[in-house]
C-alpha cells in the first residue's frame with residue numbers, strides 16, 4: 001500500500017482504535033447495566049407545579065429556596081414569560097402544590113409565588129413515553145439501514161449502523177456514569193447525534209465510492225485513507241463549530257439544558273470518531289471491492305429461432 005503525499009494513514013492504527021472502542025463500549029455498557037439510567041419525570045411520572053411570580057423569577061434562587069425547604073429532587077424550569085416557573089417533583093402528594101407555593105412565599109415575601117396549576121403525570125404515562133422513545137430509536141436505525149443499503153450497498157449500511165449504535169451506547173454510558181437526568185430533551189439530543197453521525201459517515205462513504213472509480217489501482221485501505229483525508233477539513237470544521245455552539249449551551253444554558261448539552265457534546269465527538277474508525281473499518285472487515293458497487297447487468301437473451 002502506497003500512501004500519497006498529503007494523505008494521513010488513518011487505517012494504520014485501526015487495530016489500536018478497535019481496542020479503544022472495545023474498552024469504551026464495555027465501560028459504557030457496564031455503567032448502563034450497573035448504575036442504570038437516571039430517568040427524569042417525563043419517564044417516571046411525578047407532579048408538575050406551575051407558579052406565577054409578581055416579578056421576574058430567578059430560577060437559581062427558586063431552586064435554592066426549594067432545596068432549603070427540603071425539596072432536593074425538585075426540577076425548576078422557566079415556563080412562558082419570565083414570571084412563570086414550572087417545578088417538577090417525583091411525588092404523588094395531592095397537597096404538594098400548595099406546600100411548595102407556601103414554602104416559596106415564606107422564603108421570599110418580596111416576590112411571592114402564586115400557585116397556578118398542579119398536574120400529576122402517572123408512571124404508566126412515563127413508561128409509555130419511554131417505550132415510544134425506544135421504538136423511535138429502533139425505527140430510525142431501521143430506516144437508516146434501508147436508506148444506506150439502497151443508496152450505497154449493504155456493506156456500507158452495516159458499517160453505518162454499527163457506528164451509530166456505538167455512538168448511542170457511548171452517550172448513554174456517559175449519562176449513566178454521571179447519572180445525568182434522562183428526559184425528553186436528552187432523548188432528542190441522542191436522536192440528533194444519530195443524524196449528525198450519519199451525515200459524517202455518508203460524506204466519507206460517498207468519497208470512497210467516487211474514489212473507487214477514480215483510483216482504480218488503489219486498494220481498499222488506501223482508498224479509505226485518501227477519502228478520509230480528502231474530507232478531513234470538512235469534518236474538522238463541522239465538528240469544531242458544532243462543539244463550540246454546544247459548549248456555549250453547556251456553560252451558559254443553565255441546569256435545564258445541561259443533560260441536552262452533555263449528550264450532544266459527547267455524541268458529536270463519538271460520531272466524528274466512529275465515522276472514521278468504525279464505519280470505515282467495517283468495510284475492511286467485509287472486504288468491500290469495486291465490484292460490490294457495480295450494479296448487476298441483465299443477461300442478454302439469445303434468440304434460438306432459425
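For all residues, glycine too, the Cβ spot is worked out from N, Cα and C.
Annotated transmembrane segment per Swiss-Prot: 17-37 (among others), in sequence order.
The feature transmembrane segment is assigned by Swiss-Prot to 134-154 (among others).
According to Swiss-Prot, the feature transmembrane segment maps to 158-178 (among others).
For 185-205 (among others), the entry in Swiss-Prot reads transmembrane segment, with the evidence type sequence analysis.
Positions annotated as transmembrane segment by Swiss-Prot, on the basis of sequence analysis: 232-254 (among others). Long-range Cβ contacts of the transmembrane segment (232-254) within its own chain (Cβ-Cβ under 8 Å, at least 6 residues beyond either end) map to 8, 59-60, 196, 200, 203, 260-262, 264-265, 268-269, 272, 275.
Here Swiss-Prot flags 268-288 (among others) as transmembrane segment, drawing on sequence analysis.
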Practice prompt. Mind pulling out the one from 17-37, 134-154, 158-178, 185-205 with the most Cβ pairs under 8 angstroms to the transmembrane segment (268-288)?
Written response: 158-178
Discussion item. Pairs 6 or more apart in sequence, C-beta under 8 angstroms, 3 or more of them: is that satisfied by the transmembrane segment (134-154) and the transmembrane segment (185-205)?
Written reply: yes
